[in-house]
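**Q** According to Swiss-Prot:
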- R33, G226, D227, T259: substrate binding site (BINDING)
- N35, M36, S37, H38, R68: ATP binding site (BINDING)
- N35, S37, D61: K(+) binding site (BINDING)
- E203, D227: Mg(2+) binding site (BINDING)
- K201: site 'Transition state stabilizer' (SITE)
Amino acid sequence: MVGMMRKTKILVTLGPSLENKLDKAINLIDGVRFNMSHATTDYCEKFLNILEKNNIAKVMDLKGIKIRIKEVKLKNKILKMGEKVVIGEDIKLNYNIDTIEEGHFILINDGKIKLRVVEKTDKIIAVVEVGGEIKEGMGVNLPDTRIELPIIDETDLKNIKFAVEKDFEYIALSFVRNKEDVKELKDIISEYKGDCEVISKIETKEGLKNIKEIARESDGVMVARGDLGVEVPIENIPIEQKNILRIANRYGILSITATQILDSMINNPFPTRAEVTDIANAIYDGTDCLMLSNETTIGKYPIEAIKVLNKVAKVADEHYEEFGDRVCLEVESIDEGLVYAVYELYKKLNTKLVITPTYSGRTAKLISKLRINSKIIAPTPNIRTLKRLRLVWGVESCLMEEFDDMEKIINTCREMAKKEIGKGIYLITLGHPIGQKKTNTIKVESI
């Protein structure tokens, strides 16, 4: 059984800082992310054995569509406030600029440099509102502009094929604009005969606008606060985070909060008070999982950052019932309705444990969304489901080889209950008869 004391899960990004210390981190984490903006498939390959051996969830994060400065033709590459530049001449992008209109903002280097288009005739002229040094290769955000680029390119296709072949549990899609983007990735995964689940990264204005349709089509969403904080006013980030997480939980899908979780620990062995508070608030907003990025790729203290996240998450989890957001699931099926019955029984009977045998993991995810204080154990015959559930709040997944006989399943659950709680009331959820794809039964038992 996958042992854990905290309920909020931890996903780390693998990079130079952590790669030689992964063995020290392996018992502190639930998933590993490969950022394909920097990593290669050869790099991923080196770590697959240790991840498989420890049943760690693998997430491939596709590089996605990213606009960059292609060429700077200015003599002075330090832009000054009030200066005017011609986009496409003074500053060339790797993007067709025809869709940029007067009044649109052009944000460079994570929003540190800000231009506003003041004229569009045969040329696009922008005035510098916030200056700074610009270089070729810097990232560019166009928050007001509809980006007409394919969501997946040739490099992404090769990486998706690799992820399918190597049984990655999740593929994360960057800069998701609408449900069609999600469907495109799902179709490609199907063409490669894979079953990787799709995490949609919400990091653009268009993604925010279409968050409900994106969430319905996705297996999970990520609050990607880096680019999102460039695309929308930074003061709106807490509200957008709460909204994204609430919608994800309403639809019963995985939710991940990312970017600058412990940013100060890139260079310091201790977090700031604000970071600790941010972690707890993300948990109380309803996130399943917290993700470290630069902290574990280029940071000086990757293990320390992981340990801090563990400690803070554990304490926040203990107080979820006092301060956490109460999830309201969309009830559109029998199994969605059934989990509310689980919640009522939990409240009335003070149940200590819920055991939810599952093939796909869906019922375990739904029960997780209710944020009950009972332990949730999800036995499964499917190793992929076991690893996917590593990222789901409060769920402890384990293998159950005997999954074709109802009586054997129930007896195994009873043995688990004796081991886990010794005494007390517990629940078992089941799909009856065997092979039923929907959970439709709750057994209430006591020891």
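Cβ coordinates are placed from backbone N, Cα and C, and glycine is handled just like the others.
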**Q** Through the lens of DSSP with three states only, how would you label R33 (substrate binding site)?
**A** strand
**Q** Write down the Cα-Cα distance for K201 (site 'Transition state stabilizer') and T259 (substrate binding site), rounded and given in Å.
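**A** Cα-Cα distance, T259 (substrate binding site) to K201 (site 'Transition state stabilizer'): 12 Å.
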**Q** Anything within 10 Å of K201 (site 'Transition state stabilizer')? Look among the binding-site residues R33, M36, S37, G226, comparing CA atoms, and list what you find.
**A** none
**Q** Filter the binding-site residues D61, R68, E203 down to the ones within 10 angstroms of R33 (substrate binding site), Cα to Cα, kept in sequence order.
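**A** Taking D61, R68, E203 one by one, the ones whose Cα falls within 10 Å of R33 (substrate binding site) are D61.
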**Q** Determine the Cβ neighbour count for S37 (ATP binding site): the number of other Cβ atoms within 10 Å of its Cβ.
**A** 11
**Q** When you measure from the Cβ of R68 (ATP binding site), which residues in the chain that are at least 6 apart have a Cβ under 8 Å away?
**A** L93, N94, E136, G137, M138, G139, V140
**Q** Would you mind ranking the recorded positions H38, K201 by how many other Cβ atoms sit within 10 Å of each Cβ and giving me the lowest?
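**A** Comparing Cβ neighbours within 10 Å for the recorded positions H38, K201, H38 has the fewest.
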**Q** Using C-alpha positions only, work out which of the binding-site residues D61, G226, D227 is nearest to M36 (ATP binding site).
**A** D61
**Q** To see if you understand the setup: which same-chain residues, six or more apart in sequence, place their Cβ under 8 Å from that of D61 (K(+) binding site)?
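**A** Set apart from D61 (K(+) binding site) by at least 6 residues yet with Cβ under 8 Å, we have T13, R33, F34, N35, M36, S37, I171, A172, S174, K201.
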